[in-house]
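**Q** From TrEMBL, here are the annotated features:
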DOMAIN    57-496  domain 'Major facilitator superfamily (MFS) profile'
REGION    1-24  region 'Disordered'
TRANSMEM  52-70  transmembrane segment
TRANSMEM  105-125  transmembrane segment
TRANSMEM  132-151  transmembrane segment
TRANSMEM  163-183  transmembrane segment
TRANSMEM  195-214  transmembrane segment
TRANSMEM  220-243  transmembrane segment
TRANSMEM  313-335  transmembrane segment
TRANSMEM  347-366  transmembrane segment
TRANSMEM  373-395  transmembrane segment
TRANSMEM  401-419  transmembrane segment
TRANSMEM  440-462  transmembrane segment
TRANSMEM  474-492  transmembrane segment
């Protein structure tokens, strides 16, 4: 590990004109900069009290999390319902089961179109803003739910899931961008964590909703679970229709007066004009630097942006590569292994409750362990638990199944709270202003693409009509966890309290991501100040 002195030298000698613009008095010496610095010194609760308007407006992104959570949970849990198995399944020697090909396709193709939606919305959101593309995405989820509801054939059901997935991927990508552009700096990470909490909490509620219909073996039982998607999609549509446009997008489009009105709505009496001028100067600095390099997806993989984009993609994909698909299918897996359906659902609901509890108490442990280290600890725990799950394959059948059920749901909560709850906020802070929408779209695309890949291949690992590994599938994901830890150690930065300009500075100066918080930034007057 490089010494602090080496880091100081690296950062004090910026290698691009971008950094000079980001630190010149016209930007750093501006009143808006002083406001940002002052608020960084305040606690999260003090910032939330001061900026309750921004907090409320930013939370519109949570409706995307609710829609994402219900879709992913209903998509996985509904195929475990007895009514669904009887309608769409086949009958084998041990009872009803779903062919591996359809188990894979129903879950995987939805994830594939989520990835496609996340990529497409990057183009659309840069041209038309964050607000109306999100409304259009919500409408797509309603259409997809309608197709699923009337489906009588397996292929039609898959088509509906794909349409819904397209909308879910788009609205989730836009939501993360919107929160990072609307929220004050100090509240961005808590709000991104809040998005994860909403996802997990909504997944628990969705699982509880599905659980209510498990004893009912009539066809209408699983169709009612599908119909509930109209409610969550409708909520997202109404929320985004009422939300203001992103002020940063308006600035980039030259709509300064419109941006000023939005900033006043977001910040009220808390110096909205000074903040806007600061954002304008910051964006102008980037636009000057990138005058000959348009904000394209190709630009996300050029120069230092390549490392930033790949890190964002990595952070959004850690849970999937670490076995989230195996865990998400735990109900179906455990039912086919012999555990009663109602018990599988009950344990699953408890697991989501534990995840919410861990994230809500994260403020305590984050005082002592930074978010980078939280992700690394999560990867180590993922490795250990997956090893134990694999070993339980040879345990007593009933006791072993209960142990596997409990461990799988504990690991769901650990992945959600440690890998996603700490990792996604880091990912949202890494992109530059000009490439933020596209970089975060790449992140959501990576998340959904890896979901697609592992949702497709995982059933072939454990299912009785294919690999028949059963619980030993855990060992495969223990192996992937080793590589994830190595990648995490090398690539994940700790961005807590750093502005976008400081993160730009660190990447452009070649500082190792693991040393970001050890750096010393050059102040406009030539002195040095510690990063906050």
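Start at 1 and count along the chain as shown; that gives each residue its number.
Backbone N, Cα and C define each Cβ position, glycine as well.
Predicted automatically and left uncurated, TrEMBL annotations should be read as such.
Keep in mind the model is a prediction, meaning the values are calculated, not measured.
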**Q** At a threshold of under 8 Å on Cβ distances, which of 220-243, 313-335, 373-395 pairs most often with the transmembrane segment (195-214)?
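**A** The stretch with the most contacts is 220-243.
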**Q** May I ask which of the stretches 105-125, 132-151, 313-335 has the most CB pairs under 8 A with the transmembrane segment (440-462)?
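**A** Comparing 105-125, 132-151, 313-335 against the transmembrane segment (440-462), the winner is 105-125.
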**Q** Is the transmembrane segment (474-492) close to the transmembrane segment (373-395), in the sense of at least 3 CB pairs under 8 angstroms with a sequence gap of 6 or more?
**A** yes
**Q** List, by number or range, the same-chain residues at least 6 past the transmembrane segment (474-492) whose CB is under 8 A from its CB atoms?
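**A** Sequence-distant neighbours of the transmembrane segment (474-492): 307, 310-311, 314-315, 318, 321-323, 326, 372, 375-376, 379-380, 382-383, 385-390, 423, 426, 461, 513-514.
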**Q** Name the range, of those listed as 132-151, 163-183, 313-335, 401-419, that has the largest tally of Cβ pairs under 8 Å with the transmembrane segment (220-243).
**A** 132-151
**Q** The domain 'Major facilitator superfamily (MFS) profile' (57-496): mean pLDDT?
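**A** So the average pLDDT across the domain 'Major facilitator superfamily (MFS) profile' (57-496) works out to 85.
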**Q** Going along the chain, which residues at least six beyond the ends of the transmembrane segment (401-419) come within the CB cut-off of under 8 Å?
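**A** Same-chain residues near the transmembrane segment (401-419) but 6 or more away: 196, 199-200, 318-319, 322-324, 326-328, 330, 334, 337-339, 343-344, 347-348, 350-352, 354-355, 358-359, 362, 374-375, 377-379, 381-382, 385-386, 388-389, 392, 395, 471.
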